[in-house]
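Feature annotation from TrEMBL assigns transmembrane segment to 53-77, 98-124, 130-148, 155-177, 197-218, 239-262, 282-306, 318-341, 353-375, 395-416, 436-457. For 465-487, the entry in TrEMBL reads region 'Disordered'. Under the heading compositional bias 'Basic and acidic residues', TrEMBL lists 476-487.
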Amino acid sequence: MEAVHGVESLAGGDGRHHVSRTLGTALLISVGYIDLGKWVAAVDAGARFGYDLVLLVLFFNFSAVLNQYLSTCIGMVTGKNLAEISSQEYSQFICVGLGLQAGMSLFTSELTMILGIAVGYNLVFDVDDFITSIIFACVVINVLPYLLSPRDKRMAGTLNACIAGFTILCFVLGLLISQPEIPLHVNVMFPKLSGESAYSLMALMGANIMSHNFYVHSSIVQVQRAHVHTLGALFHDHLFSILFTFTGVFLVNYVLLSSAAAESSHNVIHTFHDAVELMNEIFTSSMAPLVLLAVLLFSSHIIALTSVIASHVVTEHFFGANLSLVAHHVLLKLLSMIPAIYSAKVAGSEGVYQLIILCPVIQAFTLPSSVIPVFRIASSSWIMGNYRVSLRVEILASLAFCLTLFINIIFAAEILFGDSDWTNSLKGNTETPVLIPHTVLILMSCASIAFALFLAVTPLKSSSREAETQELSVHSQREAPDEIQRS
C-alpha cells in the first residue's frame with residue numbers, strides 16, 4: 001500500500017508554500033463526502049421538506065470545517081494523531097467506545113461507497129442485477145489503489161491529491177452546468193424541527209460530518225510539526241484549504257437539495273425508482289450516469305486510502321491491534337460486502353436504497369461523542385501549550401456538540417414515542433423493507449446519547465495535572481513574599 005504512505009508524505013513535503021501541502025490534504029479528506037449516500041440524503045430531504053433544512057445543512061458544514069480544523073491543529077502541535085492522544089487521556093472503557101464508533105463510521109462509509117458504485121453501474125449499463133454490480137464494485141475498489149500507486153511515495157501523494165481535486169472539480173462543475181435554471185439565491189427559511197424531519201436531519205448530519213475523518217486528518221498532518229517552526233501561518237493555510245474544499249461540498253449539497261425541492265411538487269420519493277427518476281431530472285445530461293460512475297470510482301480510490309489510515313490508527317491506539325495496511329484494506333471491503341449483498345438478495349433495489357439512506361443516519365449516531373475529544377484536547381493548555389484554541393473557538397465547538405446531541409435526542413424521542421411515516425417504516429408497518437430491526441436502532445440511538453453524556457462529564461486525565469500545576473504556581477507565588485519579608 002505505497003499509496004497510503006504517499007498520502008502521509010504529501011503533508012510533509014519540502015515545498016516553501018504551505019498551501020501546496022495543506023490543500024492536498026484537505027482535498028483528500030473532502031472526497032470522503034462524495035458518495036451516493038450523501039447525494040441521496042440531500043435529494044430525499046429536499047423532496048420532502050423543500051428549503052426548510054437548508055440552514056441546518058449550512059450549520060452542519062460549519063461544524064465539519066471546525067472539527068477538521070481542530071483535528072489538524074492537534075496533529076501538528078502534538079506530533080500525535082487524535083486516537084493516540086485520546087488513548088492517553090481516557091480510560092480503556094471510553095477508548096473502546098470511541099473505537100467502536102469510529103469503526104461504525106468507517107464501516108458505513110465503505111458500505112455506501114460499494115452501494116453507490118453498484119447503483120452507478122446499473123444506471124450506466126441499464127441492468128437490474130445488484131449482485132453482479134456489487135461484486136464489480138468490490139473488485140474495482142480493491143484493485144484501484146494498486147493500479148494508481150506509483151512506487152515513489154512523493155509521486156503517489158501528488159497523484160492522489162490531483163485525483164481528489166479532479167474528482168471534486170468534475171462533480172461540482174458538472175452539477176452546476178446541468179442545473180442552469182436552479183437559482184443561486186433562495187429565501188432561506190428558519191429550520192422547522194419536528195419528529196417527521198428527524199430522520200432526514202440525521203441523514204443530512206451524517207452526510208456532512210464524518211467522525212472517522214477527524215482521526216485521518218490529525219494523522220496525515222502530524223508530520224508537519226518537524227518541518228515548520230512557526231505553526232501560526234500553517235494553521236491559517238489549513239483553515240483556508242478546509243474552507244475552500246468544504247465550500248464545494250456544501251455547494252453540491254445545496255444544489256441537490258434545491259433541485260429536489262424545485263421538483264418536489266410533482267415528485268414524491270417512495271421507492272428506489274422514484275429516486276432514480278428524480279435524479280434523472282436533476283442530472284439533465286444524457287452523459288450524467290457515466291460521469292456519475294466515473295466520479296464514484298475515482299472517489300472510491302481516495303476513500304479507500306483514507307479509510308485504511310483511519311482503520312490503522314483506531315485499531316492500534318484504541319484496541320492495541322497492529323495489523324498490516326493490506327489487512328485493513330481487505331477486511332474493510334470484505335465486511336462491507338456482507339450487508340451489501342444481503343440487502344440486494346433479500347430486498348432488491350428497495351433494500352439497497354433504504355440501506356444507502358440508513359448509513360448516514362448510523363454515522364450521525366457517532367457524532368456527539370466523537371466531537372468531545374476534539375475540542376477538549378484542542379482547548380487543553382497542558383497538551384496544546386500556547387497553541388490552545390481561544391475561548392470563542394471553544395464556545396463554537398461546544399455549540400456544535402450541542403447541535404449534534406440535540407438532533408440525536410429528537411431522533412431518539414421520535415423513534416421511541418412518535419408516529420411519523422419513517423418511524424412506521426422502520427417498525428415494519430409499511431411495505432418498505434426492514435433491514436435493521438427497530439429495536440436495534442433504538443438501542444444504538446440511546447447508547448450513543450448515553451455515551452456522549454458520560455463523555456461530556458468525564459475530564460481529560462491531564463486536566464487534573466493541569467489543576468495541580470496551577471495550584472502549585474499559586475502556592476509558590478504566595479510563599480515568595482513571605483520569604484522576602486523573613487530575609
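Positions of Cβ are set from backbone N, Cα and C atoms, glycine also.
Across 197-218, 239-262, 318-341, 436-457, the stretch most heavily in contact with the transmembrane segment (353-375), judged by Cβ pairs under 8 Å, is 197-218. Comparing 53-77, 98-124, 197-218, 239-262, 436-457 for CB pairs under 8 angstroms to the transmembrane segment (318-341), the maximum falls on 98-124. For the transmembrane segment (98-124), same-chain residues at least 6 beyond its ends with a Cβ under 8 Å from one of its own Cβ atoms are 32, 35-38, 83, 86, 90, 130, 133-134, 136-138, 140-141, 206, 210-212, 215, 276, 289-290, 292-293, 296-297, 299-300, 303-304, 307, 310-311, 314-315, 318-319, 332-333, 335-337, 339-340, 344, 352, 355-356, 359-360, 362-363, 365-366, 369-370, 373, 448, 451. Three or more CB pairs closer than 8 A are found between the transmembrane segment (395-416) and the transmembrane segment (436-457), so contact between the two stretches is assigned (pairs 6 or more residues apart).
Distant neighbours of the transmembrane segment (53-77): 25-26, 29, 42, 45-46, 85, 186, 188-191, 197, 200-201, 204-205, 208-210, 213-215, 217-222, 224-225, 228, 231, 234-235, 238-239, 242-243, 246, 249-250, 253-254, 257-258, 371, 374-375, 377-378, 383-385, 387, 389, 393, 396-397, 400, 403-404; these residues of the same chain sit at least 6 beyond its ends, with a Cβ under 8 Å from one of its Cβ atoms.
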